[in-house]
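In what follows, a structure is listed as structure tokens, so that the remarks can point back to it.
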Amino acid sequence: MTDTESEHDGQEFVRLPTGPDGRIHEDQPTRAEVLDWWSERFGIGRDFLEEFSYWEKGRGKVWAFHADTDSPVRVEGLGMSVLRTRGDHWKPTTNAVQRFGTRAEKNVIHLTREQAAAFVAGHDQEIPWDGDWGYLIATHDIAGETEPLGVGLYLHGELRSQIPKGRRRDL
Amino acid sequence: MEVLDRYEPLIDDFEAFREACERPLPSVVRVNTIKTDPETARGALEAEGIEVDPCAWHAGLFRLDTQPGANWPYYHGWLHGQEEVSAVPATVLDPDPGDRVWDACAAPGSKTTQLSALMDDRGLLVATDNNLGRISALRSNAERLGVTNVAITREDARNHSLKPWESKPYDAALVDVPCSCEGTIRKNPDTLEEWSLEHVEGIAGSQKGILRRAVQTVREGGHVVYSTCTFAPEENEAVLDHVLAEEPCRLVAFDLPLDHAPGVTEFEDRTFDESVRKAKRIYPHHNDTGGFFCAKLEVTG
């Protein structure tokens, strides 16, 4: 195995390249593409997300780390798993949306308390929405603030809850 | 409970101590300041009809009249269920944003996530544990609470490697070691059933190794906090006494706005370095909490 191949083995974190020339596999996202995606999809500013270093562990699993070290590094975790980039539609994680989503300015669907409860219980719901289809940030109001709940997939008039089983609650 | 009789010579009001050990423990949550602030979290709990009784010594700790996990602020990662005394060591270490910090026995992450909040989720926080199942719990707690500055390693803390971290020493380390857990008897009434002096002496060996490694990995002038949830001097003052003799470090005084007793310099036929009096023993009857031990060391070389 060459050194480059060993970086594919899914056990190491590899820092995302700054540009396309640094890719270690052809569909590896670059740091700039990740920053652009959050900005274009959700309007979350680059100035905030630029403070993080971005890493891949296994193909298409991107982590954000609010510190830095030498790449590659063989550890169990490095910051937070924030994004899946395999496939045409990149998908943010529940935890990333809860951490970064208060800064989102578009593709945010605001839910009533009743809709929010169904959403965190994992239910799909018919909800009118005249924006883009695809992955949305679902929010609701709590203690006078608007707070992100997680990721919903909007298709054909329906918001499909993407809350992982372990995070679902009957509230 | 007879096991605890060995501590009668150490404890001022042994009757009150025994009675406290038999009472169940109140349910406590810590407010996660990475995502919210105590006032907002309190408002959210009260809006759900949950009664909030803030702990006097720490603005971000609430005693609740219910289980902590089934409410909206918990879902959002604004709260973490954490025993009141378990919040002591991170506040004693008190790292700053941007520091390099090692949490040597991190899972399931109550203290790790508290350290991250004190660091404003900025600067390198390395969290080590040797058990994959416990690391999985650590990861899910850290992610639910929105922690992004923690790096998790699976290692024996006694052999912790600085190599993945640019081989640079830490500014601070928290050594909250696995112990005989006598102080958790209010939460786990069975905890003393398996007690043996042999186990206490055995686990003290690894405690010494972990604390030594922490002193070795922290820069001169940096701090190491050592804590346990047990009363046994073999796992507390004796560990400090050993490491004071073997590594360049000294015990330092610190403030703790909870009732407590000083570390003990004698137990049964053993004596310990006089400076272990700077460590603090928290007994269940002092503040109606679990039992705890906490010491702060400064690295001197």
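Positions of Cβ are set from backbone N, Cα and C atoms, glycine also.
Residues or ranges marked as domain 'SAM-dependent MTase RsmB/NOP-type' by TrEMBL: B:17-300. The annotation S-adenosyl-L-methionine binding site is assigned in TrEMBL to B:Cys105, B:Ala106, B:Ala107, B:Pro108, B:Gly109, B:Ser110, B:Lys111, B:Asp129, B:Asp156, B:Asp176. Annotation comment: TrEMBL describes B:Cys229 as active site, nucleophile.
Overlay of TrEMBL feature records on the structure.
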{"residue": "B:Cys105", "record": "S-adenosyl-L-methionine binding site", "Cβ contacts under 8 Å, 6 or more apart": "B:Thr128, B:Asp129, B:Ala157, B:Val175, B:Asp176, B:Val177, B:Pro178, B:Ile210"}
{"residue": "B:Ala107", "record": "S-adenosyl-L-methionine binding site", "Cβ contacts under 8 Å, 6 or more apart": "B:Ala127, B:Asp129, B:Asn131, B:Arg134, B:Ile135, B:Ala137, B:Leu138"}
{"residue": "B:Gly109", "record": "S-adenosyl-L-methionine binding site", "Cβ contacts under 8 Å, 6 or more apart": "B:Ala127, B:Ala137, B:Leu138, B:Arg139, B:Asn141, B:Ala142"}
{"residue": "B:Lys111", "record": "S-adenosyl-L-methionine binding site", "Cβ contacts under 8 Å, 6 or more apart": "B:Ser86, B:Ala87, B:Pro89, B:Ala90, B:Asp103, B:Leu174, B:Asp176"}
{"residue": "B:Asp156", "record": "S-adenosyl-L-methionine binding site", "Cβ contacts under 8 Å, 6 or more apart": "B:Asn130"}
{"residue": "B:Cys229", "record": "active site, nucleophile", "Cβ contacts under 8 Å, 6 or more apart": "B:Val85, B:Ser86, B:Cys179, B:Cys181, B:Glu182, B:Gly183, B:Thr184, B:Gly290, B:Gly291, B:Phe292, B:Phe293"}
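Across the residues annotated as binding S-adenosyl-L-methionine (B:Cys105, B:Ala106, B:Ala107, B:Pro108, B:Gly109, B:Ser110, B:Lys111, B:Asp129, B:Asp156, B:Asp176), the widest Cα-Cα separation comes to 20 Å. For the recorded site, B:Cys229 (active site, nucleophile), the DSSP three-state label reads coil. Under the DSSP three-state reduction, B:Gly109 (S-adenosyl-L-methionine binding site) is assigned to coil, being neither helix nor strand.
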